[in-house]
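J.: Copied straight from TrEMBL:
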DOMAIN    67-180  domain 'Type II secretion system protein GspF'
DOMAIN    264-381  domain 'Type II secretion system protein GspF'
TRANSMEM  156-182  transmembrane segment
TRANSMEM  202-229  transmembrane segment
TRANSMEM  362-383  transmembrane segment
Amino acid sequence: MRFLVKYKSQGKIYTKVFKAHSQAELERNLKGIIVLEITPKSNLLELQRKIGAKDLLSAFYEFKLGLKARLPLQTLLENLQNHCKNKTLKIRFQKALLALNSGKNLAQSFKEAGFSDFICAMLLIGQKANLLLEVVELVILRLKNDQKNQKILTKVMLYPSVVFCVMVCVFLGVTLFVLPQFEVLFSGVDAELPFVSRSLLFMRGLVLDFGLLTSGVFVLLSVIFFWAYKNMESLRWRVDFLLLKIPFLGWVLKDFERVQFLLSFFWLYRSKVPLQEVLEISIKALHNAYLKHKASGIFSKVSQGVEIKDALGVMFDGFGVQLLSATHNEAGFLESLEVLLELYQEELQTHSEALLGAIEPVMILVLGVLVLWLALGIFLPLWELPLQMQSL
């Protein structure tokens, strides 16, 4: 790792980059120098590397074991930093350790290091109530649920993407490498090719003449669309609204967003975090702009006197609204939230399986039609070639 060190020497202040495996090793190497400040420094590639759910989960499992062993927090964070394989996560724990050594509490240190608001809020609760081990166990449970939900969503999106790529590769392979030989074979025969073969040759001509142009235009339009989607809230709101209306896929996306919202809301609300902060953190867990827009109005409704159980109704369907409205006290409300969380997790699994069940036969049918088209276009003229040669 690289560290930016500000130090004093011969009455002057200098700044220099040093390399070391950890801050402790660097401090040992800098004995005899008046160190003013040490800051972890990361390169661009390290900053761009994402933190996987597995890496984060493993780190918090180690954090939990360290708390059970009653290790000091500084030792815990140093161990986490040394054992992390993900460089981005390693830098975050390094920053958290520096902040902790500067006198800040654990939650503030994790916040400065860039950890999620949910993790920081739970750590703050754990420190205040002296229940840090229990809070870390809840964070692990949340991370495990996040990982499970992400796997479900990835599985749903991965299958059609792979099949589509296979179809494109098969078509391009036949068009660019098989059809030229086929065209040479029949160029010397004055015979009319079947319609299927002519359509293949026509598609080959389109690919050769306009393939690069079409690909360039497609890439350009995609870049423009994604830029507009990212920067124009109205477009993002409309696109996300339409995504929720797609049969099967819309159900999966709704369930995924509801589970993400409830995972944050339930644990934070049960831990007596202020409602406004609970909603802010829970809304950040949402990815769909349309649902974010709906959820952003919940606190204003509560401020106007609407009960939280009624204000939350905008996030759920008829059963969810009915279940929440039937509660009469705080314990019943929390129990209803827990039931809804379990229900939507089960529905996410069920709807994702239904979506895969609907996609699979359609993709197989499309792939079969493509293969049949390619096979008939190539082999049908070969079967008719002897007859056409006899007639000449």
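Placed from the backbone N, Cα and C atoms, the Cβ positions cover glycine too.
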J.: Should anything in the same chain at least six residues away from the transmembrane segment (362-383) have a Cβ under 8 Å from its Cβ atoms, list it; otherwise answer none.
T.: 159-160, 163-164, 166-167, 170-171, 174, 178-179, 182, 186, 193-194, 196-197, 199-200
J.: What residues in the same chain, six or more past the boundaries of the transmembrane segment (202-229), come closer than 8 Å to it by Cβ-Cβ distance?
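T.: That would be 171-172, 175-176, 179, 183, 235-236, 239.
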J.: With DSSP as the reference, give the number of residues of the domain 'Type II secretion system protein GspF' (67-180) in helix, strand and coil.
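T.: Helix/strand/coil tally for the domain 'Type II secretion system protein GspF' (67-180): 97 helix, 0 strand, 17 coil.
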